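Below you'll find the structure, written out as C-alpha cells, and then a few comments.
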Amino acid sequence: MSRHPAARVLGALLLLALLGAALLRGVTFRAEMSDLLPPGSTPGAEFLLRELRSGAATTLLLAGIEGAPEPELARLSRAVADGLRASGRFAFVGNGVQDLDEAERDLLFRYRYLLSPATSPALFEAPALRDKMVALLDGLRSAASPLLARFGFADPAGAFFALLGAWMGESHVALREGVWFAEGAAAPRALIIARAKASGTDLDAQAATVGAFHEAYEAAKPAEGARLLVSGPGVFSTAAAAAVRADVQMISVLSGLLIAAFLWWRYRSLLMLAAVAVPLLAGTLAGTLAVALAFGAVNGAAFGFGMTMLGIIADYPVLLVTQRRPGERLEETARRLWPTLRLAAAAATLGLSAMLASGFPLLAQLGLFGAAGLLTGVAVTRWGLPWLLPGQAIGPRPLPLPLARALAGLRGARWPLLALPLAALALLATGGPRWNQDLNRLSPVPQAQRDLDAELRRQLGAPDVGTLIALGGEDAESVLRAAERVGAALGPLVAQGAIGGFDSPARTLPSAATQRARQGMLPDAEALRARVATAAAGLPFRANAFDRFVAGVAESRALPPLTPAGLAEAPALSARLALLLSERGGTWQGLVVPSGVRDMPALRKAVDGLGDPGILLVAVKAETEGVVAATTAQALRWAALGGLGVLVLLAAVLGRQRGGAMAGLRAALRTATPIGGALLVTLALLNLGGQLLTPFHLVALLLSAGVGMDYALFLGSAAPAIPGDAAAEAERTLGSVLNCTVTTLLTFGLLAFCGTPVLRGIGLTVALGVAAAFTLALALAPRLRTHP
Amino acid sequence: MTLRPCSRRAALRLAALLAWPGAAQAQPAPTLQAVMAALAARRSGQADFIETKQIPELDAPLGSTGTLAWQAPDRLEKHTLAPVEEILRVEGDRLTLARPAQNLERSMGLDDVPEIRPLVESIRATLAGDLATLQRHFEIEFRPEAAGWRMWLRPRSLRVRAALQSVEVTGLGGELTSLVTRGNEGTTRLLITPRPAGR
C-alpha cells in the first residue's frame with residue numbers, strides 16, 4: 001500500500017466496501033414480522049403470538065380490485081381468480097364464483113342428516129313430515145320449483161337447505177355481476193380472498209403467492225385506471241421491509257450529504273471526510289456480522305435501525321482529529337485520549353448490551369448491532385486512523401466569533417441547570433412518561449397498508465376479532481367436541497344478548513360423536529316408509545315420490561362420520577374450517593370466535609364454567625396490550641440495570657484515575673449528572689410533545705446517554721496538561737465536542753421526518769438527548785482559569 | 001367465507017317460462033329473420049298466461065295463472081295471481097323473485113350461476129327479437145307452420161343442458177303463443193293469450 005495518506009484512506013475505504021459487499025451477499029436478511037413481536041408471558045398472550053406468527057390467518061390473502069366500472073372489475077375478478085386457481089399455489093380462492101362445485105355439493109348432500117343441526121327424531125315422524133310435504137307442494141308452484149323438485153323429494157325434511165342457509169346466513173358480501181363486491185363502498189371494489197398452501201412462516205413462498213396475485217392481474221390485461229390492492233402477512237413483511245429500506249436510504253443519502261457539507265465547512269479537507277467514513281463503515285459491518293453470527297440472520301428492520309444508530313460512530317474520529325495539539329502526531333493524540341475514549345465507548349456499549357437480555361428479538365438484535373458497532377468504531381479510530389493519517393495535519397478552522405463567544409459564555413454557566421427542575425416539574429405535571437400500549441406502533445408496516453387491511457377485512461366480513469376462545473386437543477375430534485361444549489355454553493348468552501353470535505368449527509363440521517348421535521335419530525327404512533305413506537295420505541304425490549328420501553336416510557345411517565380429512569373433497573368448506581380448526585406439530589387447535597360481545601364478564605363466566613383447562617378465553621386487545629406493557633417494563637428494567645452498570649463502571653475507572661473510591665464516585669456523579677439531566681429533559685420534552693414511549697425509545701435513550709458520556713467526559717476532564725495553553729486546549733476540546741453534536745443532530749434530526757414510526761421515535765429521542773447533553777455538559781464543565 | 005344460495009339458481013329457471021305475445025299480423029311463410037324483426041318491433045305489451053307444471057313425482061300437474069308484461073329493451077315481469085301470488089321480474093342483469101304472502105323478496109345477478117342467463121335469454125332475447133343473443137346461448141331450429149311458426153332452442157353449454165334439455169316456442173307473427181320448457185325436473189307449459197294492444 002502506498003505511503004500517501006489519501007491512497008491509504010481510499011484503499012481502506014475500498015477494502016471495507018468490498019468486505020461490505022461480500023457480507024451483504026453472505027448474510028441472510030429476513031423481514032419476519034415475528035421478530036418484531038415481543039415474547040408472550042401469559043398463556044393467552046403466547047397463544048396469540050403463536051397465531052400471529054404461524055396461525056391460519058397468516059396464510060390468508062385479501063384483495064380488492066377498483067378503479068374501473070363494475071363489469072370490468074367483475075371480469076378482472078374472474079380472470080384473477082382463475083389465474084390464482086391455475087397457479088396451484090392456493091388451497092382456496094373465493095371471489096363469489098362457483099363456491100360450491102358439483103362434487104362438493106354431492107358430498108354435503110350425502111351427509112346432510114349428519115351435518116345438519118336440524119336433524120332430530122321428531123323431524124322424521126309423520127306429523128313433521130306432512131308439514132314439510134305441504135310446504136314442498138307450495139314451493140313446487142313457485143318459480144323456485146326446479147330446485148325444489150331436484151332436492152325436495154330426496155330431502156323433504158329440508159336438512160340440506162337448512163345446512164346451506166346456516167352457512168349462507170353469515171355472508172356479508174354483495175354479489176354483483178356474479179362476483180363479490182364491497183357493500184356500501186363509495187367506488188365499486190371487487191373482493192377476492194385466497195388461502196395460500198404455503199405455511200405462514202415460509203416467507204419466500206409467501207412472497208411468491210403475493211407475486212402470483214400480481215401476475216394473474218397483469219395477465220388479465222386490466223383497463224386503464226384499474227388497481228389491484230393486496231393485503232396479508234406476506235404483503236406486510238414486504239411493505240415493512242420496503243418502508244424501512246426507503247427511510248434508511250433517504251436518511252443515509254441526506255444525512256451523508258449534510259454531514260459532508262458540515263465537515264467540509266469545519267475542516268476544508270476531503271481526507272477528513274474519508275477518515276470519518278472509515279470507522280463508520282467498519283462499525284456498521286461489524287454490527288451486521290455480529291448479529292448475523294449470533295442470530296443466524298439479520299432482521300431488515302434491525303439492520304435499518306442499527307445503521308442509522310451507528311451514525312454516532314462519526315463522533316470518535318471527529319474527537320480524535322479535532323483534539324490534536326499543534327505539532328502532535330495523531331498516534332500521540334490517540335494514546336492521550338484513549339483512556340477517556342475507551343471509557344466512553346465501554347460505558348455506551350454496556351448500556352446497549354443490556355438490551356441483549358430484553359427477550360425481545362428486535363431489541364436484542366439492535367443492542368448487539370449497536371454494541372459491536374461502537375466497539376469496532378472506537379477501535380478503528382484508536383489504531384486505524386493514526387496509521388491511515390500519519391503526520392497529516394487536518395485541523396478545524398476556528399469557530400465563527402459570535403458562536404465561540406456564545407459557547408464560552410455557556411461554559412460553566414450554571415443557569416442551564418434550571419432546566420432540570422423544570423423538566424422534573426413538567427414530567428410530574430403531565431403524569432410521568434406515557435407508555436405505548438399499541439402493538440401496531442412497534443411495527444414498521446406502513447399505516448396505509450394497515451388501514452387497507454382493516455378495510456378489506458371489514459368488507460369481506462372478517463373483521464379483526466376482539467375476543468376468541470382457543471381450544472386445544474390431541475386430535476380433531478376432541479377439539480370439535482370441545483367446540484360443541486363451548487357452543488352449548490354460549491347458546492344461552494346469544495339468547496340473552498350478552499353476545500351477538502359466534503362462529504365455531506363444529507358448525508361447519510360436527511364432531512364424530514354428534515354425527516353418530518344424529519345417525520341414531522334416523523328411523524330404519526321400514527319405519528320411515530310407513531311414516532312417509534301416512535304423511536303423504538291425501539296429498540297428490542305418487543307412491544314412489546319419496547323413494548330417494550327413504551334410500552338417502554338408510555344410506556345416512558351407514559355412513560362413516562365425516563372427518564377433516566374426508567372434507568378434503570370440499571374445498572370451500574375446508575377453507576372455511578381451516579380458519580377455525582388446524583393441526584400443528586401433532587396437536588390440534590380450534591377457535592370459537594364470539595362476535596358482538598356486550599357482556600364480557602358473562603362470557604368469561606360461561607367459559608370458566610366449563611372447567612376445562614384446554615379451553616382458553618383470549619381478549620385480544622387486552623392481551624396484546626399486556627404483551628407490550630410487559631415488554632416495555634422488561635426493557636425498562638434492563639435499561640435501568642444497564643444505566644447502573646455504567647455508573648459503577650464510571651466510578652471504578654474514574655476512581656482509579658483519581659486515586660480513591662470517593663473521588664471516583666464524585667467524578668462519576670459529575671459525569672453522570674449532565675447525562676441523567678439530559679435524559680430527564682428529553683423525557684419531559686417527549687412527553688410534552690405527546691410521544692408515547694416504546695422500547696425503541698429506551699434504546700434511543702441509552703444511545704443518547706452513551707453519546708452524552710463522550711461530551712461529559714471530554715468537557716468535564718481535568719485542567720489541561722500544558723500550562724499556559726489551557727485556553728487553546730479547552731477550545732479544541734469544545735470545538736471537537738460541538739462538531740460531534742452537530743453531526744449527530746444532522747443524522748438524527750433527519751430521522752424525525754421518516755415514515756416509519758420507530759425511526760421517527762429514535763430520531764427525535766436521540767436528537768433531543770444529544771442537544772440537552774451537550775448544553776448540560778458544557779454548563780457543568782469547569783470554568784477556564786484564564787480568558788483569551 | 002360465503003356460500004351462494006343455490007336456491008336462487010332454480011328460481012331463475014322460471015324465467016324461461018315467461019312468454020310474451022307480439023303483434024297479431026300473420027305473415028305468409030315466415031322466416032326466422034322476419035319473425036325476429038317483427039318481435040323487435042314490439043316495444044311493450046301485456047298478456048294473460050296459464051301455466052301447467054308436470055313433475056314426475058306428482059299425480060297431477062300443478063296449474064297457475066297470471067299476467068305477463070314486457071317492456072323493451074330488457075324488462076320482463078311474470079305476475080302469478082293464483083293459487084299463490086308471486087312476482088318474478090327480470091330487468092337488465094338483475095332478477096327479482098317476490099312472494100308477498102311470505103313477505104319474501106330475493107334478488108340476484110343473471111351471471112351469478114352459469115345456468116341462469118341462458119334460461120332468461122331464451123324468453124327475453126326472443127321477445128326482444130335479439131337473434132345474436134339467442135344464437136350465443138342456443139342452437140336454433142326454426143320451422144314455419146300452418147298458422148305461424150315454431151322454434152326449438154337447445155342449450156349450447158353442456159352444463160346448462162344437464163338441467164335444461166330444450167325450450168320450444170310457438171308464435172303467430174310477432175307474438176308468442178306458447179312456451180314449453182323440458183328439464184330434468186319435469187315439463188312446464190306456458191299458454192299465452194295476448195291482451196289487445198293499447199290496453
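Even glycines carry a Cβ here, placed using N, Cα and C.
TrEMBL lists transmembrane segment at one of the ranges A:147-166, A:527-546, A:667-686, namely A:667-686. Per TrEMBL, the listed range annotated as transmembrane segment is A:734-753 (candidates: A:174-193, A:414-433, A:734-753). Non-local neighbours of the transmembrane segment (A:272-295) in the same chain are 6, 9-10, 12-13, 16-17, 19-20, 23-24, 26-28, 259-260, 263-264, 302-303, 306-307, 310-311, 313-314, 316-318, 321, 361, 364-365, 368-378, 380-381, 384-385, 388-389, 394; each lies 6+ residues outside the stretch with a CB under 8 Å from one of its CB atoms.
Note: the stretches the transmembrane segment (A:248-265) and the transmembrane segment (A:343-363) are not in contact (fewer than 3 CB pairs below 8 A, sequence gap of 6 or more).
Residues 251, 254-255, 258-259, 262-263, 266, 308, 311-312, 314-315, 318-319, 321-323, 396, 399, 407, 411, 707, 710-711, 714-715, 759-760, 762-764, 766-767, 770-771, 774, 777-778 of the same chain lie 6 or more positions beyond the ends of the transmembrane segment (A:734-753) yet place their CB under 8 Å from a CB of it. If you look at the transmembrane segment (A:759-781), the same-chain residues 6 or more away from its ends with a CB under 8 A from one of its CBs are 244, 247-248, 251, 304-305, 308-309, 312, 407, 410-417, 419-420, 444, 670, 673-675, 677-679, 681-682, 685-686, 689, 691, 694, 696-697, 699-701, 703-705, 707-708, 711-712, 715-716, 734, 737-738, 741, 744-745, 748-753.
Beyond the ends of the transmembrane segment (A:343-363), by six or more residues, the same chain brings 34-39, 295, 299, 301-302, 316, 370-371, 374-375, 377-378, 631, 634-635, 638-639, 641-643, 645-646, 649-650, 653-654, 695-696, 699, 702-703, 705-707, 709-710, 713-714 to within a C-beta distance below 8 angstroms of the stretch. Averaged over the domain 'Membrane transport protein MMPL' (A:204-386), the predicted model has a pLDDT of 86.
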